[in-house]
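A.B. asks: Starting off with a structure, shown below.
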């Protein structure tokens, strides 16, 4: 397939206007304007060491000590993040009645904070902590109090923000860091997110695929799609013959599957969604779409 690449928004606006049941797949690029760093460079490679795996977190106390120490320092800023123009634009798309589903790979809940309701958090949510033993859950804000209680002085450390709500703590020893256990059963507590090496819950995947089957097009926003758990939805859309557009700087894993690729700021490219739709423009776009179908 020959991909249409543009540096401007009109082609994307036309793509959106001619579809009524968009399946939107969002990634870390949506939240960078909210102060949350992304993971990948323009070639799709890691900007920093790969995140902790599920197996290491569950199997090694030292990994949990390092993870929760970094999280203790990084959480306050992450928890204060607020939706940006991209989140509000996608909420406006839903308000227009053109959204089938917003499937987000992000764990920050900023889409919901912006007003989006038809959202599935593919990789879970960082504002909840889950016991891997008894399945009890608690708010991350409540767990922060336990972390600070058991580790006085750590909250005062300064460090650069990292993508997973943690912080880049360098030259710090974690051996004496105390990781609180589940208050109910003494089990291992883990953020309620899907780690690398961990499976996305089947029910969540099946719900997302059901919405994909009802969609008439796919729009990828702020994702390189390098993680298979998100990429597989674009693969399925391509097999079904759905038009696919991507709004993302740099290479994506799906470049050869795209109908349209826009390399522009997400907020700038989607700004038209926060303006009243132009009936003539919309009608023209849908007319041309019907003729080409």
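Cβ coordinates are placed from backbone N, Cα and C, and glycine is handled just like the others.
Here Swiss-Prot flags 1-284 as domain 'Deacetylase sirtuin-type'. What Swiss-Prot records for 27-47, 105-108, 222-224, 248-250, 266 is NAD(+) binding site, and it gives sequence analysis as the kind of evidence. For 123, the entry in Swiss-Prot reads active site, proton acceptor. The annotation Zn(2+) binding site is assigned in Swiss-Prot to 131, 134, 182, 185 on the grounds of sequence analysis.
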A.B. asks: Can you figure out which of 123, 131, 134, 182, 185 (the recorded positions) comes closest in space to residue 31 (NAD(+) binding site), comparing Cα atoms?
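C.D. replies: Nearest by Cα distance to residue 31 (NAD(+) binding site): 123.
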A.B. asks: Determine the minimum-neighbour residue: among 27, 35, listed as binding-site residues, which Cβ has the fewest other Cβ atoms within 10 angstroms?
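C.D. replies: If we count Cβ atoms within 10 Å for the binding-site residues 27, 35, the smallest count is at 35.
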A.B. asks: Which residues, same chain and not among 131, 134, 182, 185, have a CB within 8 angstroms of the centroid of the CB atoms at the recorded Zn(2+) site?
C.D. replies: 132, 133, 135, 136, 181, 183, 184, 186, 187, 189
A.B. asks: What does the structure give for the C-alpha distance between residue 27 (NAD(+) binding site) and residue 134 (Zn(2+) binding site)? Integer Å is fine.
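C.D. replies: Residue 134 (Zn(2+) binding site) has its Cα 31 Å from the Cα of residue 27 (NAD(+) binding site).
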A.B. asks: Using Cα coordinates, what distance in whole Å links residue 108 (NAD(+) binding site) and the residue listed as 'active site, proton acceptor'?
C.D. replies: 10
A.B. asks: Using DSSP and three states only, what is residue 131 (Zn(2+) binding site)?
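C.D. replies: Note: residue 131 (Zn(2+) binding site) is in a strand by DSSP.
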A.B. asks: Taking 31, 185 as the binding-site residues to compare, which has the smallest set of other Cβ atoms within 10 Å?
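C.D. replies: Output over binding-site residues 31, 185: least Cβ neighbours within 10 Å is 185.
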A.B. asks: Calculate the per-residue pLDDT averaged over the domain 'Deacetylase sirtuin-type' (1-284) and state the result as an integer.
C.D. replies: 91
A.B. asks: Hey, how far is residue 134 (Zn(2+) binding site) from the residue listed as 'active site, proton acceptor', Cα to Cα, in Å?
C.D. replies: 20
A.B. asks: Excluding near sequence neighbours, so keeping only residues 6 or more apart in the same chain, what lies with its CB under 8 A of residue 248 (NAD(+) binding site)?
C.D. replies: 27, 29, 220, 221, 222, 223, 224, 261, 262, 263
A.B. asks: Three states by DSSP: which one describes residue 185 (Zn(2+) binding site)?
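C.D. replies: Looking at the DSSP assignment, residue 185 (Zn(2+) binding site) belongs to neither helix nor strand, so coil.
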A.B. asks: Taking only the Cα atoms, work out how far residue 182 (Zn(2+) binding site) lies from residue 35 (NAD(+) binding site), in Å, as a whole number.
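C.D. replies: Between the alpha carbons of residue 182 (Zn(2+) binding site) and residue 35 (NAD(+) binding site) there are 31 Å.
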